[in-house]
Amino acid sequence: MRFDILTLFPAMFQGPLTESILKRAQQAGKITIHLHDIRDWATDRHRTVDDAPYGGGAGMVMKAEPLAAAIRAVQAADEPGGPVVLLTPDGELFNQSIARELATLPRLILVCGHYEGIDERVRERLVDREISIGDYVLTGGELAAMVVVDAVARLVPGVIDSESIVEESHSDFLLEYPHYTRPAVWEGLAVPSILLSGHHGEIARWRRSERLRRTLARRPDLLARAAAAGVLTKADLALLAEWGWDGMSEGGWMS
């Protein structure tokens, strides 16, 4: 899979995109990441990419001409096509389902907004999708782009073990079960005995119940989504009912 990132600050990406899983994925040829400095498409000697907003107001706005030229040049590269995604606080909220969807694509073009945003006409003409990583404001879209690349890349086949993906938090709307490693006792705290039993069936059942318990305690809103998606078994529902879950989400009764 190919990631193209259009940004005013390409140096911000050098550390996060060249370490750990992303580094190994690139070395293995599973993904490629290409950084593009939007200033390279500015036409004046000062490489101007922003200007004051029409109508007045605080801050600056990213100009249409250099940004549009950058997007079109990247789209014209001799590679498979891909959607243009703008990272912006007013986009749809990014989640694991969107990450899975994007991971099926051969290419993704990410545009990092900055200042007060980009000229609206570029959004109307060239942007296919808008994504936000949360209900807060960052200095620019660079950090959001890093989050999207990391979340999507790990779902590309061959990047990480498929079993690890299945058991991760949010893979089926449930949070992940607790993890333990050696030593068996640390500062008086012992690893649950079931994990030392070698009984794989019992361990699997314990892990499932812990996923349900943790989700109920920390993110009960996810349980209604899990039930609606059909990922909760009768045994799951019985256990949740025993713990007091009544099928309600944050917005009311589960539909």
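The backbone N, Cα and C atoms fix where each Cβ goes, and this holds for glycine too.
Swiss-Prot names I133, G134, D135, Y136, V137, L138 for binding S-adenosyl-L-methionine. Of G113, G158, the residue it gives for the same site is G113. Listed binding-site residues: G113, G134. The one with the lowest count of other Cβ atoms within 10 Å of its Cβ is G134. Looking at V137, L138, the binding-site residues in this record, the fewest other C-beta atoms within 10 angstroms of the C-beta turn up around V137.
Around Y136 (S-adenosyl-L-methionine binding site), taking its Cβ as the centre, 7 other Cβ atoms fall within 10 Å, counting all chains.
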